[in-house]
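Participant: Quick one: structure below, then a few questions.
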């Protein structure tokens, strides 16, 4: 899933005082703020300066986008002008995550059948996220609250949503019965999203394909509804001629989509560098971002195949979420590198979680792998949130704006 249409929409807002931007913090708020803040600012003074100079550039449009524009325009017209674009995005993301967690709760191995209402909730949650994610930029332009932080915030939410969307899809079709296929589909989704921003880091322009995130999301919503209508018998039925189970059809579509998308991405990566001698926008090697995503996938494959207790097969959802949080963080760092025209460094605390799993296996599972997986999951999630909060706060402070609140002067002028 390429997952990047939404950024055409806006560039939101932020806050110098706190992650949420609701004014003065209580003592509890101060403690939480320190807990979720990095000890040192993640961005340098030069990066912040270059961030100010960043201008969003995009090219192309997807198949369904023109058809959906009427609905999106109608929807944004129903939103009060005092609601901040980033608040719209985070509400949609929260709904998307909560509905997917319902499926994870009922189907921890992606082989079980959840209550029918859970699939309906997941389909609705994804549609709500897709809708809100599409109008946040329109709201930003409508309220004159566009800023570089909004673009970063939007990409960050998309990077996390991608993890939950692909996981929810695998659960809906009960792909846990085919662990290799489930592994491929989940990591292909996060890899394609990363590549979309990799080629942006190289060329300076975010490109949209004819089949993009809107089309993929509609397809996934349909699959959730098919899980309601047909249930397990539908996904277990055989496809004539091909002689494969119906559940493998989405997986084969993922293979085709990955080949098609990556062909376009790597054509830009190898030939579209706008820096000196065809380098990235930051003047670095066009291949340097591969080290990060390559390390994540390599560790994921090694731990999956070397596990003596079938860690992935027994706990696929926890496994995907753990590595998904790691992928989301390095994707966010890639977006930051693009927007600040700076180099990506390989050393990162994001790799600590996977490293714990790797070392535990190296020492013959000195600690139960399941316990280490939970530790890695919690650490990776905390590490991701801490980085995102710190970056948002620092940029907000620098730009003198709010994360989830529109400045009173801006809101007042637009109200009239």
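Even glycines carry a Cβ here, placed using N, Cα and C.
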Participant: Given that Swiss-Prot annotates 154, 158 as Mg(2+) 2-binding, name the residue from 133, 180 that shares the site.
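Facilitator: Same Mg(2+) 2 site in Swiss-Prot: 133.
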Participant: According to Swiss-Prot, which listed range is transmembrane segment: 62-79, 116-133?
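Facilitator: Spelled out, Swiss-Prot records transmembrane segment over residues 116-133, not the other listed ranges.
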Participant: Looking at the ranges 286-306, 391-411, which is given as transmembrane segment in Swiss-Prot?
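Facilitator: That would be 286-306, per the transmembrane segment entry in Swiss-Prot.
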Participant: For which of the residue intervals 26-47, 246-267 does Swiss-Prot record transmembrane segment?
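Facilitator: Of 26-47, 246-267, Swiss-Prot gives transmembrane segment for 246-267.
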Participant: Report which of 144, 277 appears in Swiss-Prot with the annotation N-linked glycosylation site.
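Facilitator: Checked Swiss-Prot: the N-linked glycosylation site annotation sits on 144.
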Participant: Pairs 6 or more apart in sequence, C-beta under 8 angstroms, 3 or more of them: is that satisfied by the transmembrane segment (180-199) and the transmembrane segment (246-267)?
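Facilitator: Checked: the transmembrane segment (180-199) vs the transmembrane segment (246-267), in contact.
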Participant: Taking 3+ C-beta pairs under 8 angstroms (sequence gap of 6 or more) as contact, is the transmembrane segment (349-363) in contact with the transmembrane segment (210-230)?
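Facilitator: No, the stretches stay apart by this measure.
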Participant: Ranking 89-108, 210-230, 286-306, 315-334 by Cβ pairs under 8 Å to the transmembrane segment (246-267), which is first?
Facilitator: 210-230
Participant: Using a Cβ-Cβ cut-off of under 8 Å, list the residues of the same chain that are 6+ residues beyond the ends of the transmembrane segment (156-176) and lie near it.
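Facilitator: Those are 1, 3-4, 6-7, 89-90, 92-93, 96-97, 99-101, 103-104, 107, 109-114, 119, 122, 126, 129, 133, 182, 185-186, 189-190, 193, 213, 217, 220, 223-224, 227, 232, 235-236, 246-247, 250-251, 313, 316-317, 320-321, 324-325, 327-328, 331-332, 335, 384, 388, in sequence order.
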Participant: What does the structure give for the C-alpha distance between residue 133 (Mg(2+) 2 binding site) and residue 40 (phosphothreonine)? Integer Å is fine.
Facilitator: 31
Participant: Apart from its near flanks, which chain residues at least 6 from the ends of the transmembrane segment (286-306) lie with a Cβ under 8 angstroms of it?
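Facilitator: Tertiary neighbours of the transmembrane segment (286-306) are 183, 187, 191, 194-195, 198, 201-202, 269-270, 273, 278-280, 312, 319, 323, 326-327, 330, 333-334, 343-344, 346, 348, 351, 354-355, 357-358, 361.
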